[in-house]
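Features reported for this protein in TrEMBL:
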- 23-285: domain 'NADH:quinone oxidoreductase/Mrp antiporter transmembrane' (DOMAIN)
- 59-79: transmembrane segment (TRANSMEM)
- 91-115: transmembrane segment (TRANSMEM)
- 152-171: transmembrane segment (TRANSMEM)
- 178-196: transmembrane segment (TRANSMEM)
- 202-219: transmembrane segment (TRANSMEM)
- 240-261: transmembrane segment (TRANSMEM)
- 281-300: transmembrane segment (TRANSMEM)
- 290-343: domain 'NADH dehydrogenase subunit 2 C-terminal' (DOMAIN)
- 321-343: transmembrane segment (TRANSMEM)
Amino acid sequence: MNPQAKLIFSLSLILGTTITITSNHWAMAWTGLEINTLAILPLIAKSHHPRAIEAATKYFLTQAAASTLLLFSSTINAWFTGQWDITQLTHPISCLLLTTAISIKLGLVPFHYWFPEVLQGSSLTTGLLLATAMKFPPMTLFLLSSSSLNPTLLTIMAITSTALGGWAGLNQTQTRKILAFSSISHLGWMTAIILYNPKLTLISFYLYCAMTTAIFLILKTTKILKLSSMMTAWTKIPPLNGALLLALLSLAGLPPLTGFLPKWLIIHELTKQEMTPTATVIALLSLLGLFFYLRLAYCATITLPPNSTNYMKQWQTKKPVAIFTTISVTTTMTLLPLSPMIFSIT
């Protein structure tokens, strides 16, 4: 892709995200989401591969439907209450439509079908944007309007997202699809707590983005797209494979790594809110995700395939990528000691 075009699309993504997260009017928030959608489409389809074109088409159709529902929801609310403010969503039909629209944007169950397919058809860099940065604007709208939404509906969606994200990832062999179902599962955890502690949802989202960024950067550096190529990747850059093992275990939520922190805080908060059954169910369902993370970790570091090809060890990579990868991996492994400070914030 032309560097100037890539710069324009990247700046448009930043502009759209900024407009959405800083607006308090539904029309401006919708405008920011549309700018984001139009900016990411060329990045998804840039390889001109049929799968990439299919992914871009699916992404456009689902995001257009979600934006239409969001605008329809805000218009109905303004019609009955005279309010265009994001935090003043009070009409029941508007609340239901908004929950549907945001769920489609984020890829929550039962509106998740597009996300694994789109991520599989994108490059690893675009997949990283779709799994992290593109979820930030709808997550912001989710947080601002959370007090108006139906708690029972959100709890059901959270449990089903956690269940399906773990269950559907079990038989996948493509790393991007596995990370897509991992994203669905983590969004289920965030949705479970959004009504009771929005700050904790935001902290969980930030930590999820940090961990996912580390894994995507390692996969991009080692050019791993499926489990079979992961088995031979240890010969390329051995230290990165060790980092990939720890990053995967962190995303699974094992102590003493960073990923344990959001799960611990969410279970603690749900217990305080007398929602112990919900906390127990999502904690047990996270074991499904733990299985496929361990499977990835096993393939990355322990499996030695027969007749593996000898590679020249690439001890030096491009410096900016290496530095950013190092920072993200360090963040993925070492933030658990900050939990007392996060407890004081939440």
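In case you wondered, yes, glycine gets a Cβ from its N, Cα and C as well.
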Whether the transmembrane segment (202-219) meets the transmembrane segment (321-343): three or more C-beta pairs under 8 angstroms: yes
Contact yes or no, the transmembrane segment (178-196) and the transmembrane segment (321-343), 3+ Cβ pairs under 8 Å, gap 6+: no
PLDDT averaged over every residue in the domain 'NADH dehydrogenase subunit 2 C-terminal' (290-343): 69
